[in-house]
Amino acid sequence: MAKLLSCVLGPRLYKIYRERDSERTPSGVPEPPTTVTTPSSSSWDTYYQPRALEKHADSILALASVFWSISYYSSPFAFFYLYRKGYLSLSKVVPFSHYAGTLLLLLAGVACLRGIGRWTNPQYLQFITILEATHRNQSAENKRQLSKYNFDFRSWPVDFHWEEPSSRKESRGGPSRRGVALLRPEPLHRGTADTFLNQVKKLPCQITSYLVAHTLGRRMLYPGSVYLLQKALMPVLLQGQARLVEEYNGRRAKLLACDGNEIDTMFVDRRGTAEPQGQKLVICCEGNAGFYEVGCVSTPLEAGYSVLGWNHPGFAGSTGVPFPQNEANAMDAVVQFAIHRLGFQPQDIVIYAWSIGGFTGGLVSRTVRQHLNLNNAEQLCRYQGPVLLIRRTKDEIITTTVPEDIMSNRGNDLLLKLLQHRYPRVMAEEGLRVVRQWLEASSQLEEASIYSRWEVEEDWCLSVLRSYQAEHGPDFPWSVGEDMSAEGRRQLALFLARKHLHNFEATHCTPLPAQNFQMAWHL
């Protein structure tokens, strides 16, 4: 009877991955693949074949879930319509509640029938037994057995907890349950606080902004968090996940962030291969409608790097909602997982981000600033390491006019703010003007023409930067260029711009080819 209840309440099983001919070595950490081959589908994986009772019951429950999602999104309009028609009176709400209760009882009966169908299926019984054993004891063997199955990720056991690293317990600087300090609002200085009257005046706008951000705004900014879109993409996501497991020996893991969100990750280890770039880990951050199953992980994979992909909160297997603070907490858990569990050193970790989650038209500026502010330039300027920006010259998403107007590409502002922060003396009037001219180049020929017009001596630029670093250290901002001529500042500004930004002639959603995936420049 206990097993029957487990089948009723258990997760949906999508696919069963079979072992290869050669048994894998069990390990608590994803082990490096020895060879990368493309196994035949008949010997490697298969879709789980439910019995007729489970299959039909699953279809009914899935249809009910879609209808519920549609009802949820349309509920404001439905309530407004019912109110105008007078259907929200007590005399009419009570009969409706009876109908809703009857429907819930019917759905509960369908769920029980689905459980009976699972109970009669040996494959599901074996799966639920392994799942329960793994929840009781997360041994290496149990995890290896569980990795053969692809199922509803909500039931996957937690593999890494945000409090796990010993540094968190020994240092007061680690994140608390409130979240990492990266995106916390700074306290107001004395004399800047609003008066009570001003706060009352702003209250209606603040309430409206909050409601817009937490309903329509969040779904417009991160369409990948919409359940209906995820439901439509489910076959594609399952196929992409199977590809990562089959072809690259990917290992899935669930990370628990400090805000309680569970983050879905996929790790591909290349440290055991002959390719030297496999010693570096590329953490892939997808766009506002991207998933690691079908996202930008393919570029560093094809280039031979170790890769760690993860889904935003609320995307696919990850829980929560993708607000900026939740994003920061999730990224913190991912990086800590890479360092403390996967064993990569910080200097061997590369962050590869696709897009910035372009803001969708229709959101008022107050809402974006207060609730959906991603402040990419501010966070980038806080980073002290090497940076490479890839500007898509035909980008139709992050341009403010038309794709052909390359100066409206928001990547330009990101480069200028980064250089102005790191090299403020170089990016004075002369340097800023010449970098803007270089950014206006719409082709490689024009770009090279501007570069050669100012006769940039790269060896001289490198010697100036290296001598300054040797004397003053690597921490930014630098005061290099303070006593330099206008011509020298122009040369140095162009040299730095070219090292920090590469052009890629493509639209926003075109995958980056492996040959264009390069490490950032550093002295």
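Including glycine, each Cβ sits where the backbone N, Cα and C put it.
The annotation domain 'Phosphatidylserine Lipase ABHD16 N-terminal' is assigned in TrEMBL to 3-152. Secondary structure of the domain 'Phosphatidylserine Lipase ABHD16 N-terminal' (3-152) per DSSP, as helix, strand and coil residue counts: 97 helix, 11 strand, 42 coil.
According to TrEMBL, the region 'Disordered' annotation covers 20-44.
Here TrEMBL flags 34-43 as compositional bias 'Low complexity'.
Annotated transmembrane segment per TrEMBL: 60-84 (among others), in sequence order. Here the transmembrane segment (60-84) has long-range neighbours at 107, 110-111, 114, 227-228, 231, meaning same-chain residues at least 6 beyond its ends whose C-beta is under 8 angstroms from one of its own.
Non-local neighbours of the transmembrane segment (96-116) in the same chain are 4-5, 7-10, 53-54, 57-58, 60-61, 64; each lies 6+ residues outside the stretch with a CB under 8 Å from one of its CB atoms. Per TrEMBL, transmembrane segment is recorded for 96-116 (among others).
Across the domain 'Phosphatidylserine Lipase ABHD16 N-terminal' (3-152), mean pLDDT in this model comes to 82.
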